[in-house]
Amino acid sequence: MVLAFILLITIPSGAPLRHPETDELIGSTPFMDSLIALILISFLIPGICFGKAVGKVKTSLDVVNPIIKVFSNLGGMIFLLLIISQFISYFNFTNLGTVWAVNSATIIEDMNLSSLALLLSFLALALILDFILVGAIPKFAILTPIFVPLLYQLGVAPEAVLAAYRVADSPVNIITPLMPYFALIVTFATKYQKKTGVGTIISIMLPHAVSLTITWIILFILYYVFQLPLGPGIGMHLN
């Protein structure tokens, strides 16, 4: 019934949750703005009905108390997220990560390395930056305007630069406290091991991060040396 109601207000042309001018459903539309509320209704109403049917929900308190219990367990996570968000906000306000990234990229550019050495230097720089700039897009926006034209002049395809960037962008995420979901991971871990902290998660995941980094770099070098295709008609080098 809930699903039928949601379909009724979204699917037909001119439905209330469609864009009033373009009649689109996805994008800057009432449907996307109401998505969280729709998800809440989709689970809340069937949950209450099921609770009524099995006799677990008799009064309004039977609905409210489980919700209060869940949120009371999230208190530690909310506090931890507050501290981390403040640290990330102050760090971004200083632009230290951006300044360091630009200066480091300029130094590497002036070293006149071979194309493979330059690619590996770019990979290492992106890997280090991932500790302080965890978002994929900011690092990409800072580094690629410098390295893509430079490597293009050496006959390296832009797709190879992107491949090197993606190799560097993934392994470090799980061991940097600046990752937005790191606090959530710590909170979930404390449910099973009360003494778990930031250092515990990092020490557990560090071997995985190191092994992934080494494996990806070896694969990347093999692709470069043997000129294996990155995709249909796309190689490491320009034709």
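Note that Cβ sites are derived from N, Cα and C of the backbone, with glycine treated the same way.
What TrEMBL says about a protein is an automatic prediction, not a curated fact.
Here is what TrEMBL records for this protein:
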TRANSMEM  30-50  transmembrane segment
TRANSMEM  70-93  transmembrane segment
TRANSMEM  113-134  transmembrane segment
TRANSMEM  146-168  transmembrane segment
TRANSMEM  174-192  transmembrane segment
TRANSMEM  204-226  transmembrane segment
Which residues, given as numbers and ranges, are at least 6 beyond the ends of the transmembrane segment (113-134) yet have a Cβ under 8 Å from it?
-> 91, 96-98, 100-101, 104-105, 142-143, 147, 150-151, 154-156, 160-161, 164-165, 167-169, 171-173, 176, 178-180, 213, 217, 220-221, 224-225
Distant-in-sequence neighbours of the transmembrane segment (146-168), which means Cβ under 8 A and at least six residues beyond its ends = 102, 105-106, 109, 114-115, 118-120, 122-127, 130, 139-140, 216-217, 219-220, 223-224, 230-231, 234-238
Please give the sequence-distant neighbours of the transmembrane segment (30-50): residues at least 6 beyond its ends with Cβ less than 8 Å from one of its Cβ atoms.
-> 2-3, 6, 10, 16-19, 57, 63
